[in-house]
């Protein structure tokens, strides 16, 4: 091997595997989206017909838009509820509220538990027949408050947000927290000597200095918000819950690709085009979001 | 580390607010404790006891649901699948990522920044986008419903590991390798005998977060390991949730078996796991 290309033998194995199993599939999905193909037999080139079907088919497009709307609703919850919650939590740990070490340990713990098990816990608590919550309400004489919980379209979405808040918030809290800890002690000290109030320190020092990390956390949670699958699938079933209250784009994709919901046969090409649309939405939203977040960034 | 003196002087009002917040959060963490302890206790109850006494201490401790789930439900096979998959996937990922990161950060060549960005791309694209092609590719090469095929996919997801390793390699002085090279050691020998031992802490961090996410993964195994004999533990729990009222005690035991490894790792290495998570977050 040429002496000047020593790096090749180190990079090549990783490059091959990574390209084959991570990058190639992304390109392949774009290619597939232009075909009509059931997975067996001949692939028929279909142009943009699949995309036309997604947006105009009178049977499919309401389902799709309902799912997309749920994704957007969830994304808004991430921006307006989950991220502020994480930020606040990180701040509380930063100012060392009593027992903060224990709290930090416990609040991050659900993060290492699988979403399947989180759904299992949710079943224990919210199952309408044997779940703990309904039994508890019965025991204290509040039967009229009993509900079908995940079987109730008014409750399902809200409960899912609570579950995600409980399980998924930990990672963001830790990232915000570690960024607070990175802020130079001198700055904090100086602010204290200058007589900053706690509120001033929070708004004038912590918030501006931790914005770059916020940007990356928000970008990642946006991507994951649009790719949400596990919890609604396990708790609401592949059909997306009662009257589509837990239906998300990814569930639609799964149903139509592997579950043969369009014409009674599996539609690989059609499924791929749903993926492409989802990917495009993701790109558009993260691009806009980064533009907006850049505006708030300080030069430091 | 020197114990930091609490120099902040708090007004009594602020102190009360902090205590109140702390107590609210303690109640909030009670949810986790409650869910975990109910599951563990219920898994130790007999089949009749669990129905009449869902929340509460077991009347009599018994391991019968564990025996039942291991024997009748064949959980040992799924446990083996999960262990083989996680161990293989994590080791493969670390080896590939380590080599790649070393190649990128230690040698000068054209397109270095491009490659570095190329390997990061995987972090920005969720697996949901690529799962359908992966299904087709694995089917074509005959590795669908095969633990080894799934392992290859996991081992290829090196974005995060590669990123963390690159950052770490920049902190190792080049002088170490140069002296070894003068002594006549080859590139791979330098990597495995001089660099790798230095990496133990960072390898540990990356291995923990990779292994936990693979152990917990549900979506990929569901699509790519659909056949019963190649199922993993998370898939078994998913099936139990669907028939919860019928298999209450079995599902509790299966959940506990799946939980034990991650909870033990968390108690032992929680700070390492956090470190891996925050180190992997792209800053700026």
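Even glycines carry a Cβ here, placed using N, Cα and C.
The domain 'ABC transmembrane type-1' annotation in TrEMBL covers A:68-289.
For A:12-34 (among others), the entry in TrEMBL reads transmembrane segment.
Sequence annotations record features per position, and here TrEMBL assigns transmembrane segment to A:72-94 (among others). Sequence-remote contacts of a segment are chain residues at least 6 beyond its ends whose Cβ falls under 8 Å from one of its Cβ atoms, and for the transmembrane segment (A:72-94) they are 100, 103-104, 107, 157, 161, 164-165, 168-169, 172-174, 176-177, 180-181, 202, 206, 214, 217-218, 221-222, 225-226, 228, 248, 285.
Here TrEMBL flags A:106-126 (among others) as transmembrane segment.
Within the same chain, residues 70, 73-74, 77, 81-83, 85-87, 89-91, 93-94, 104, 107-111, 113, 115, 118, 122, 126, 147-149, 210, 213-214, 216-217, 221, 231-232, 235-236, 241-242, 245-246 sit at least 6 positions outside the transmembrane segment (A:155-177) and bring their C-beta atoms closer than 8 Å to a C-beta of that stretch. Here TrEMBL flags A:155-177 (among others) as transmembrane segment.
Under the heading transmembrane segment, TrEMBL lists A:209-229 (among others). Below 8 angstroms of C-beta separation, residues 71, 74-75, 78-79, 82-83, 86-87, 172, 175-176, 179-180, 183, 187, 248-251, 254, 278, 281-282, 285-286, 289-290, 293-294, 296-298, 300 of the same chain, each at least six residues beyond the ends of the transmembrane segment (A:209-229), sit close to that stretch.
The transmembrane segment annotation in TrEMBL covers A:268-288 (among others). Residues 29-39, 43, 46, 50-51, 53-54, 64, 68, 71, 75, 219, 222-223, 226-227, 249-250, 252-253, 256-258, 262 of the same chain lie 6 or more positions beyond the ends of the transmembrane segment (A:268-288) yet place their CB under 8 Å from a CB of it.
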